[in-house]
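Chemist: The following feature annotations were taken from Swiss-Prot:
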- K124, E139, D142, D143: Ca(2+) 1 binding site (BINDING)
- K920, F935, D938, D939: Ca(2+) 2 binding site (BINDING)
- C170-C196: disulfide bond (DISULFID)
- C251-C332: disulfide bond (DISULFID)
- C503-C529: disulfide bond (DISULFID)
- C672-C1032: disulfide bond (DISULFID)
- C966-C992: disulfide bond (DISULFID)
- C1147-C1298: disulfide bond (DISULFID)
- C1303-C1457: disulfide bond (DISULFID)
- 32-330: domain 'F5/8 type A 1' (DOMAIN)
- 32-196: domain 'Plastocyanin-like 1' (DOMAIN)
- 206-330: domain 'Plastocyanin-like 2' (DOMAIN)
- 351-529: domain 'Plastocyanin-like 3' (DOMAIN)
- 351-685: domain 'F5/8 type A 2' (DOMAIN)
- 539-685: domain 'Plastocyanin-like 4' (DOMAIN)
- 824-992: domain 'Plastocyanin-like 5' (DOMAIN)
- 824-1143: domain 'F5/8 type A 3' (DOMAIN)
- 1001-1143: domain 'Plastocyanin-like 6' (DOMAIN)
- 1147-1298: domain 'F5/8 type C 1' (DOMAIN)
- 1303-1457: domain 'F5/8 type C 2' (DOMAIN)
- N156: N-linked glycosylation site (CARBOHYD)
- N204: N-linked glycosylation site (CARBOHYD)
- N242: N-linked glycosylation site (CARBOHYD)
- N406: N-linked glycosylation site (CARBOHYD)
- N471: N-linked glycosylation site (CARBOHYD)
- N557: N-linked glycosylation site (CARBOHYD)
- N944: N-linked glycosylation site (CARBOHYD)
- N1001: N-linked glycosylation site (CARBOHYD)
- N1180: N-linked glycosylation site (CARBOHYD)
- 693-818: region 'B' (REGION)
- 1-30: signal peptide (SIGNAL)
- N385: site 'Not glycosylated' (SITE)
- N1397: site 'Not glycosylated' (SITE)
Amino acid sequence: MGRYSVSPVPKCLLLMFLGWSGLKYYQVNAAQLREYHIAAQLEDWDYNPQPEELSRLSESDLTFKKIVYREYELDFKQEEPRDALSGLLGPTLRGEVGDSLIIYFKNFATQPVSIHPQSAVYNKWSEGSSYSDGTSDVERLDDAVPPGQSFKYVWNITAEIGPKKADPPCLTYAYYSHVNMVRDFNSGLIGALLICKEGSLNANGSQKFFNREYVLMFSVFDESKNWYRKPSLQYTINGFANGTLPDVQACAYDHISWHLIGMSSSPEIFSVHFNGQTLEQNHYKVSTINLVGGASVTADMSVSRTGKWLISSLVAKHLQAGMYGYLNIKDCGNPDTLTRKLSFRELMKIKNWEYFIAAEEITWDYAPEIPSSVDRRYKAQYLDNFSNFIGKKYKKAVFRQYEDGNFTKPTYAIWPKERGILGPVIKAKVRDTVTIVFKNLASRPYSIYVHGVSVSKDAEGAIYPSDPKENITHGKAVEPGQVYTYKWTVLDTDEPTVKDSECITKLYHSAVDMTRDIASGLIGPLLVCKHKALSVKGVQNKADVEQHAVFAVFDENKSWYLEDNIKKYCSNPSAVKKDDPKFYKSNVMYTLNGYASDRTEVLRFHQSEVVQWHLTSVGTVDEIVPVHLSGHTFLSKGKHQDILNLFPMSGESATVTMDNLGTWLLSSWGSCEMSNGMRLRFLDANYDDEDEGNEEEEEDDGDIFADIFIPSEVVKKKEEVPVNFVPDPESDALAKELGLIDDEGNPIIQPRREQTEDDEEQLMKASMLGLRSFKGSVAEEELKHTALALEEDAHASDPRIDSNSARNPDDIAGRYLRTINRGNKRRYYIAAEEVLWDYSPIGKSQVRSRAAKTTFKKAIFRSYLDDTFQTPSTGGEYEKHLGILGPIIRAEVDDVIEIQFKNLASRPYSLHAHGLLYEKSSEGRSYDDKSPELFKKDDAIMPNGTYTYVWQVPPRSGPTDNTEKCKSWAYYSGVNPEKDIHSGLIGPILICQKGMIDKYNRTIDIREFVLFFMVFDEEKSWYFPKSDKSTCEEKLIGVQSLHTFPAINGIPYQLQGLTMYKDENVHWHLLNMGGPKDIHVVNFHGQTFTEEGREDNQLGVLPLLPGTFASIKMKPSKIGTWLLETEVGENQERGMQALFTVIDKDCKLPMGLASGIIQDSQISASGHVGYWEPKLARLNNTGKYNAWSIIKKEHEHPWIQIDLQRQVVITGIQTQGTVQLLQHSYTVEYFVTYSEDGQNWITFKGRHSETQMHFEGNSDGTTVKENHIDPPIIARYIRLHPTKFYNRPTFRIELLGCEVEGCSVPLGMESGAIKNSEITASSYKKTWWSSWEPSLARLNLEGGTNAWQPEVNNKDQWLQIDLQHLTKITSIITQGATSMTTSMYVKTFSIHYTDDNSTWKPYLDVRTSMEKVFTGNINSDGHVKHFFKPPILSRFIRIIPKTWNQYIALRIELFGCEVF
């Protein structure tokens, strides 16, 4: 644990930080200054350290030159001692809410580096990140500290960024160097930052409520991208590879806090697993921590089982590469504090479950039935055995359940198709004991290892990578023909939490060699349940139906039986080249329950049933499996979503309500292999009264499995189809002996019999197997066959369909509205159009091997005003940031969305929506759903065709509670989702609470932005020429694609329109519809946020997984321009970043028309009448001619223009007319245009749906009318265009706003916020009737004595302001004064400043490095404004007059902001 010094906070800071009360049970400590002395230094690092005696013999090939953070004593001469476990990690920084962290940083390395935190409150000169944020050189010293230099970073831990009520005591973040994210990380510059609740830390910085805490970083270091390049890829924990991580120590009954960091410069996922243990993360019980590169998690664990346990990432390539270590739990004599005492009633409910499970070898057919709709390329690659491929049948090993320990009578005679390749379902609730008698009937050693429960070493069933042969016990590897009994109890610490589902989804598998055993087929599902979740039969109480779906990738190349399969199924086994990429790929099978293609049978559910899905990802997969449910949504962890992301070797439990008639698809979203292999269709249908009667009769039996009822004729038909379970010749003898097949190898079907009491036992076994039964009303032979029902035509009994009439979208919408009776119809006109899209600029650090093409033909969605599709709906300021995205489709809960879609592109496209409810005729996606032709016209709209989609917004599509305003989804073309999206056809859907959308179809009182994070791969676009695709050689050597563009909303680096006010509620809707490898971790510099609907959890970064739609809420606390980026370094470097600007909420300052700061030459117009020149258009101007005026002629469009000579923020406009000879002239209505360059003009649209917003003008010639500009305009040129007027178009104007860089508010001279005592001078003039004291030097002060005058007029005089604390001063306005008839003002002056009121420094001219002399006033009443570039950072400032008119007289205002 790192050491640091702690100092009390000054009283003023203490008062500022103590505003957060914290949790009641925390002892509130005084806020502290926690000081760290950290250096970046060179170090030779060995990823695979050898024992000392071996390391002397040979130099390791794994030694690399790294730059690392290390903690030092105060003088940076002596390094602080450190824990060997921390490895490459820098010291762990800790702070409680209310604390300030001061990091004294010194760079001992040879490269400029920095320190940047993922979460903290900091100003611009403590950010540690370099980008174009408009700051001055003095504020950029933190960005990159040169070698040999030092810098002091100051970070504050405020209540706004601290852990929320539901968070753990400390949240985990990372700090790292942000000079070059890719090279800095791969060089080793990273450490952990813990932000903790008030009162949660001990004096030494450790946590109070845990016995131990550990930081583990699972990381992939690419040494070829280190500053000191050396080709190598290292998979490590804390920088240790191949199990060389020092053992993590714990005692039995310890409570451990784990702070886990994932890191890689490329997209990476980690499935962190602690063998034999369970954890709690965000109030959910888990056995695997889902971690992505660039993000961190906090979890806790209570341990009780002693022994040495494996810590690893279960991603297949991580296991093979040696990413593992060990947790060593010892018996330290501690009492058992984890097991609670049970009542007598609870003791009586404890159950002992006994399973008899064997491992058997079979021939498995991955696709016993191949529908004609299967993609032909996929079929040729994976299912056919042409080209000397193995095909779709493989020898495998599976788990099979038996009736008893004799292992002679399987629980099912015929292999249940619905179960697929899975072993039997093992279920248990807390305190239950599970006994598994395992017999190995296979030809090699196997075992059973269970996830999600705490087990003892003798019940673990797993061999570790470093286990010597002599340590391999019988339970770890059960030899062929042997029997071993695994026994374990579900502990209190394993029980699902209050937030969890009744039963949480886990898995079991053989773990002799985990990768090869799973590849061979040995997997099964495990359910760990709450204490009241199961009936005595093992059936879940709170669900109508349970369904298991295991998304497994079987890499047959790693199976134990590869050689057997080559010999049996390849046409020429001796010619097979196992390292041939095509052959290898053909053996990687993407399956759902072991099936690698859709099946002809369709899973059946009853309308309104509540289905509990148990979803698991297993196998040789190194990417996320996104599971998409069409026409319905999952309810998981309190959130409705239609895509669930499964990490390798992890499971999710989700509830689905069957509320949408039709045949729908459950499939994996993403790659071609996944979407074709991992899929099944299911039927949501009403059944006849007879079925319903049967269901009611058996209601009390508690069986909750879906319908597999098969009429006898269907069974007979199925007998003609090859059964998927085909015994090997070696297994035939056993099958015959067991009476499972006859002499000819045909399955034996038992005769029909009357249902008996034994059926209940049979049904309980079906439950254990995860089978789907028809409420107990099925005959035994039908139950044992467990074939799926012949699907009914869901549309045949659908009263909505009349096949004799044409589809009428208005009737469909009307029916929806009549059903709900409280919604509105919202109509959109959207077209698909082809455009040329330019990704340029390529970027500041982009390197490409040949001339980079950045302009590509794409298709986009565009909104139109009506069904003629002649007039596009022009986007305004609110749409400026959307980039390539289609128009935002907004609706409220219970609304109906009607979209008339026209395909103006050259190939078929459609519209497919996520999260909404629709009939099959509005799905916009094509698959074999048994729909009538009438319902298939939506699948693909031909070029120039038109179709109307109707989508309903049920409550599940909208916000889950009152704190959430709107929920985000997406729509896209679903003809070929991958290619359509990469072509550009995608847009956002926002579903809001009732009353949140105004008449212009915009959300009320919400600042919202939609960001789509996507790596566009133009080679996957429909429009990419095949001749331009990357060569095979380029792909094989991993050359960065010339045609991929990481971007936000399709725009690398420079997304525009992200402007907001300080402290306002900003809602960000974040989308990721990329493939399984598209992992983005979103970070907003200088800000933290919460996820909508989950405000109890604080976030510093947000992992954005494939198919994710996340709505987050932020209250920006720091003004300025900030970076929004992905934490995945390689994508960030190539363009997945943007800038957002936070404007001061007081950004409504007069910009200088009335005061004269804006010169006459800066005001121009299309023309004027008489003497009414544009330079007169100044608010409250006086005189005979005091405004701009023009006579409007027919077909002329007059305007007046202000050139602000720099980019500024405009937030409001004040206008006046004029009166001459009692005649009023004024503008009644006008619109505004603006420009950055004076050539390209944009019409301000604001909230209006029309092409421009018409501002209400004046009603007479004297009254001032103020209009608010929202969103704010950032521009140099502003034009006002009068459209309606009285007498003549006439204007007197003032623009309101502030500087783009922010920090430009008045500091208090005019307002009086700066006290009189804080204003001093060298002297001041006294007369018998007045004193011209320094405290009078306030801008626009009125009165006879209204300025500062010195006693004498010479160059030694000065006016001084004490700002009381360090302040950033960005500009100054000076003004003279008039005494009697004497006009007095300062013509030139200089500026001096200091922090200590002792050593004064002159403000220098950056061009000459000499003292800068500023030009002052030219009259006594006008204003002159000067900007300090760079700004002044100081407490004291002096204005020193150099020349003056008549006498020295000053009135001033300073502008800037506080440092903190």
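Cβ coordinates are placed from backbone N, Cα and C, and glycine is handled just like the others.
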Chemist: Tally every other Cβ atom lying within 10 Å of the Cβ atom of C1457 (disulfide bond).
Modeler: 20
Chemist: Count the Cβ pairs between the domain 'Plastocyanin-like 1' (32-196) and the domain 'F5/8 type C 2' (1303-1457) that lie under 8 angstroms and are 6 or more residues apart in sequence, then report whether there are at least 3.
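Modeler: Answer yes, regions in contact.
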Chemist: Under 8 angstroms for C-beta pairs, at least 3 of them, ignoring pairs fewer than 6 apart in sequence. Is the domain 'Plastocyanin-like 4' (539-685) in contact with the domain 'F5/8 type C 1' (1147-1298) by that rule?
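Modeler: Contact between the domain 'F5/8 type C 1' (1147-1298) and the domain 'Plastocyanin-like 4' (539-685): absent, because fewer than 3 Cβ pairs are under 8 Å.
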Chemist: Count the Cβ atoms, other than its own, that fall within 10 Å of the Cβ of C1147 (disulfide bond), considering every protein chain shown.
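Modeler: So the Cβ neighbour count for C1147 (disulfide bond) comes to 23.
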Chemist: On the three-state reduction of DSSP, what should I expect for F935 (Ca(2+) 2 binding site)?
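Modeler: DSSP call for F935 (Ca(2+) 2 binding site): helix.
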Chemist: Taking Cα atoms as reference points, rank the binding-site residues K124, D142, K920 by distance from C672 (disulfide bond) and give the first.
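Modeler: Of the binding-site residues K124, D142, K920, K920 has its Cα closest to that of C672 (disulfide bond).
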Chemist: For the binding-site residues listed here (E139, D143, D938, D939), tell me which residue's CB has the most neighbouring CB atoms inside 10 Å.
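Modeler: Answer returned by the neighbour count: D938.
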Chemist: Can you check how the pLDDT averages out over the domain 'Plastocyanin-like 1' (32-196)?
Modeler: 92
Chemist: Across all protein chains in the structure, which of the recorded positions N156, N204, N1397 has the highest Cβ count within 10 Å?
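Modeler: Of the recorded positions N156, N204, N1397, the highest Cβ count within 10 Å belongs to N156.
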Chemist: My understanding is the cutoff is Cβ-Cβ under 8 Å with a sequence separation of 6 or more in the same chain; which residues meet that for N557 (N-linked glycosylation site)?
Modeler: A519, K578, Y584, N587, V588
Chemist: What are the DSSP helix, strand and coil residue counts for the domain 'Plastocyanin-like 2' (206-330)?
Modeler: 9 helix, 70 strand, 46 coil
Chemist: When a 10 Å sphere is centred on the Cβ of N1180 (N-linked glycosylation site), how many other Cβ atoms does it contain?
Modeler: 13
Chemist: Please count the residues of the domain 'Plastocyanin-like 6' (1001-1143) that DSSP assigns to helix (H, G, I), strand (E, B) and coil.
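Modeler: Summed by class, the stretch gives 16 helix, 67 strand, 60 coil.
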Chemist: C1457 (disulfide bond): which of the recorded positions C196, F935, C992, N1397 is the nearest Cα neighbour?
Modeler: N1397
Chemist: Long-range neighbours only, meaning 6 or more apart in sequence with Cβ under 8 Å: which ones does C251 (disulfide bond) have?
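Modeler: Sequence-distant Cβ neighbours: N211, I329, K330, D331, C332, N334.
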Chemist: Cα-Cα separation of C196 (disulfide bond) and C992 (disulfide bond), in Å?
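Modeler: Distance (Cα to Cα, whole Å): 34 Å.
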Chemist: Other residues with Cβ within 8 Å of the Cβ centroid of K124, E139, D142, D143 at the Ca(2+) 1 site?
Modeler: W125, S126, E127, G128, S129, T135, R140, L141
